[in-house]
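Peer 1: Pulled these features from Swiss-Prot for this protein:
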BINDING   K38, G39, L40, V41, K42  GTP binding site
BINDING   R87, R112, D140, P141, M142, I143, A144, T145, G146, S147, T148, D210  5-phospho-alpha-D-ribose 1-diphosphate binding site
BINDING   I204, G209, D210, A211  uracil binding site
Amino acid sequence: MIKDERWEKVYSFDDSPYLMEILTELRNKDTDSIAFRKGLVKLGRYMGYEIIKTMDVEKIKIETPLEETEGIIVKDRKNVVIVTVLRAAVPLMEGLVKVFEHARIGIVSASRGKAPKFEIEMNYVKIPQITPEDTVIVADPMIATGSTLITVMEEIKKYGTPKRLIVLGILAAPEGINRIKEKFPEAEIFVTQIDRGLNSKGYILPGLGDAGDRAFGAPIKIPTLPQVHTID
């Protein structure tokens, strides 16, 4: 894990050959949806382990079948709220809950509109109560403009103030990180890798495309048929 010196509390994993290999597969346009989803699950699980390394531990005494010895517990691991941004973050959440099995889960459906406005539409929110002992992990694979995450994090604040607010993603653009840190300087950002920037449509470059479409298939738009009213 590498601390990026451009910002406070921003970390990437360029130093991990294992994660870089998974990311390479995700970037490849020929990777199918099954492999793509599995890759996201793996990254969520591994990055969850890395987050645990930053949590407080407490030494305890236990009895083995042979004698007394000393061990540890990670106290904060049981006070985690994972907020998933539908739909692309679902595999990330699957990986995270393998590490934080006691986590409470929040679900937010939020999507970004087209350039140049990039307006955010949020139409479903289910978030549990958040306490001052909680670590909130907001999972969203792509931190592009940061607009979606800022909207979600503003919503999260209505449910309480956590001990830690963590954003977990796969790829990030500097533009998105800048906007998040301006609005939420206390936020910690963990991403597999930070890419060079955005194109005119707000996509990360070199990126990996639309994570939701690649994980679950591109949605189709069904035309709305006119309603026919009959008169008895």
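Placement of Cβ uses the backbone N, Cα and C atoms for every residue, glycine included.
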Peer 1: Count the Cβ atoms, other than its own, that fall within 10 Å of the Cβ of K38 (GTP binding site), considering every protein chain shown.
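Peer 2: K38 (GTP binding site): 18 neighbouring Cβ atoms within 10 Å.
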Peer 1: When the Cα of G39 (GTP binding site) is compared with the Cα of each of the binding-site residues R87, T148, G209, D210, A211, which one is closest?
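Peer 2: Its closest listed neighbour, by Cα, is A211.
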Peer 1: Which one of these binding-site residues has the most other Cβ atoms within 10 Å of its own Cβ: K42, R87?
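Peer 2: When each Cβ's neighbours within 10 Å are tallied, K42 tops the list.
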Peer 1: Relative to the mean position of the Cβ atoms of I204, G209, D210, A211, the recorded uracil site, which additional same-chain residues have Cβ within 8 Å?
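Peer 2: Checked against the 8 Å cutoff, the neighbours are A88, P141, M142, L171, Y203, G207, L208, G212, D213, R214.
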Peer 1: Nearest to A144 (5-phospho-alpha-D-ribose 1-diphosphate binding site) by Cα distance: which of the binding-site residues K38, L40, V41, I204, A211 is it?
Peer 2: I204
Peer 1: Using a 10 Å radius around its CB, how many other CB atoms surround M142 (5-phospho-alpha-D-ribose 1-diphosphate binding site)?
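Peer 2: The Cβ of M142 (5-phospho-alpha-D-ribose 1-diphosphate binding site) has 28 Cβ neighbours within 10 Å.
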Peer 1: Consider the binding-site residues R87, G146, A211 and say which one has the Cα lying nearest the Cα of K38 (GTP binding site).
Peer 2: A211
Peer 1: State the three-class DSSP label for V41 (GTP binding site), counting H, G and I as helix, E and B as strand, and everything else as coil.
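Peer 2: V41 (GTP binding site) sits in a helix per DSSP.
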